[in-house]
């Protein structure tokens, strides 16, 4: 029941939107959004807008009701409707979506921040009451970035100040600097490279020697300690990471995220001979969906089937430590089954050099936290749109936990003090 006297009427009419602790932060840091100066129980719409590196505009919105003091706190208050419902402190960021379907938010260059404009709107008058801009930087203070073009290496090297530091090879399917520079902020020398430098589909063979060059390049960096090299990878990059651990010396640890246990799509060569044949896609098993994206989860051949075992990567011969992270709702392929097969195989060989984590209701694109959730997008290797899977809230929780887990394991593998992951 409304009071006869509304105390908020005597308050300043100036509505204030605050981003706490400050309006600038690192990409993987949370912020708190608070609104003050509203009327008693006033209903407002919070909106977020951001433009990616390809010029695509992404938007989100959520409706909130102010408390008795005319305040809204996204860490405390539930969204009543909009892009999400319930208490989601970072919901406006994670639910950013393009106006057209199957769009991935491209933020892959380290030197420019992820800029998000937040605004508060009056539900009745449809006017802007307050607005603020959040600059989310990828590179922390003192971290350097150097483009690398040496031999067969094409990438970017990120180095924190001082040192020495453990070395990490960040192996993306296609080039991205995001995860690499965020890891460098945590105290790692990180080289970001791509598994595939050609999106045309014309790559006929992959040479592991080129990636060995990257491992050796990292080992030679002046700020790299005598820790060996760790590799972080996802999707196609993950099977190359497994192959490096199996065939190339100097790889101490591998973080495998939603990959395969076999060599996918392209023959793998090492020292001028083919070492692994490719596991191929059966396009007759690609299923169109109502959204226009395709379901390809069951289209990849079974690496355990007769005649396909030559695609399996012999990780049992590796001395590296493994962290396997699989999403149960990965719709790109059955990463859960691949992880289970690898764990079973390592146990059969008496190995204990692994840890596995399964994320229920998470999808294929597990990335550093607080980025926009992407349920479907153009597949870089196939050139048609696919569904990636995942439920937004569970997927966001998985990204947060995995990011902490990666840092914990990287420190552990390199002999540093462990960081306990948040759950």
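Using the three backbone atoms N, Cα and C, a Cβ is placed for every residue, glycine included.
Database features (TrEMBL):
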DOMAIN    206-408  domain 'BAAT/Acyl-CoA thioester hydrolase C-terminal'
ACT_SITE  235  active site, charge relay system
ACT_SITE  330  active site, charge relay system
ACT_SITE  364  active site, charge relay system
Whole-number Å distance between the CA of residue 330 (active site, charge relay system) and the CA of residue 235 (active site, charge relay system)?
11
If you average per-residue pLDDT over the domain 'BAAT/Acyl-CoA thioester hydrolase C-terminal' (206-408), what number do you get?
96
Same chain only, sequence gap of 6 or more: which residues have a CB within under 8 Å of the CB of residue 235 (active site, charge relay system)?
173, 257, 258, 259, 332, 364
